Amino acid sequence: MIKIGNIELSSNIILAPMSGVTDLEFRRLVKRFGAGLVVSEMVASRAMIVESRQSLKKSAIMRDDATSACVQLAGCEPNVIAEAAKMNEGMGAKIIDLNFGCPAKKVVGGYSGSALMKDEQLAAKIFEATVEAVKLPVTVKMRMGWDDNTKNAPTLAKIAESSGVQMITVHGRTRCQFYSGNADWDFIRSVKESVKIPVIANGDITNFAKAKEALQKSGADGIMVGRGAYGKPWLISQIDHYLKTGEEKSAPSIAEQLDIVTEHYEAILDYYGESVGVPIARKHIGWYSSGLPNSAEFRGAVNLMNDPLAVKEKIAEFYTSVMETNKLKEF
């Protein structure tokens, strides 16, 4: 199993940090399905140190995951990131992850995220300041580089390792690719071969076969699942079972999915409150139902609803209708 500093993960499959997705309740759910590590949404370090309400929500720690709670920080000022890391350590985080991979224009425009890959000297200062500030393991998530002409992830990985960083995750695209094309898992092997600390492969890992291929091509110690987990918090459990046994584990039954969706929906309402929670839940409900019969009509109806009870009843009605449709197909 992967060791990050003195923390040993229960699985080599990790849930990626995703803005607007990996909030406390989604992380808790995916962790229950067997993820070795679940990473918070990206938290802006400067917002963190002024304790903005949004940043505190994003970095909230699962008290039932006290051994490996991981918070991802973004920013470009070494002292500010270090201070934010210390704050999160004080609030119970066990791992600090640094964001060197976000391709969003708003983020790179502030010289954060993947823009940091263009300045190796600044990157080194950020690594060193963060490692020195906390007693926790520090990790980093990066891309291959800024563009095809500057794929410097192996070099940056060496800098990170020499600065005391304990694990590196590489998304197999450049910043300029955003999410176009295919993730280059072969390139990640060059990062793995450049350092001795664990390296995690990320990008396009959406099913059993891709998980296995990503590990084989990259030689990585583990994989990080991102968008593939949209509406499928059980995917990590399926992949883990497949990699260990070679058997393709079925997704939960429709009845079981109804229970999962309902539980997640209620957890969102409890965490955010009904007025905020209902709009937040819509995207998750849409992802859960994608590919099921009449899902487009269902999503359209839910997106117009604001009453929490009405949404819950609609969820039950939809999944019940899917179960009935499936029964008819069996005859």
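From the backbone N, Cα and C atoms, a Cβ is placed for every residue, glycine too.
Residues P17, M18, S19, Q72, N202, G203, D204, G226, R227 are given by Swiss-Prot as FMN binders; from K135, K141, K283, K312, that same site also lists K141. Taking each of the recorded positions P17, S19, C102 in turn and counting other Cβ atoms within 10 Å of its Cβ gives the largest count for P17.
Ranking the binding-site residues G203, G226 by other CB atoms within 10 A of the CB puts G226 at the bottom. Geometry remark: G226 (FMN binding site) versus C102 (active site, proton donor), CA distance 13 Å. Note: K141 (FMN binding site) has non-local neighbours A16, P17, V39, Q72, D97, L98, N99, F100, G101, I168, T169, V170, H171, N202, M224, i.e. same-chain residues 6+ apart with C-beta under 8 A of its own C-beta. It is 10 Å from the Cα atom of S19 (FMN binding site) to that of C102 (active site, proton donor). For the pair G203 (FMN binding site) and C102 (active site, proton donor), the C-alpha distance works out to 13 angstrom.
In this record, FMN is bound by P17, M18, S19, Q72, K141, N202, G203, D204, G226, R227; the longest C-alpha to C-alpha distance in that set is 21 Å.
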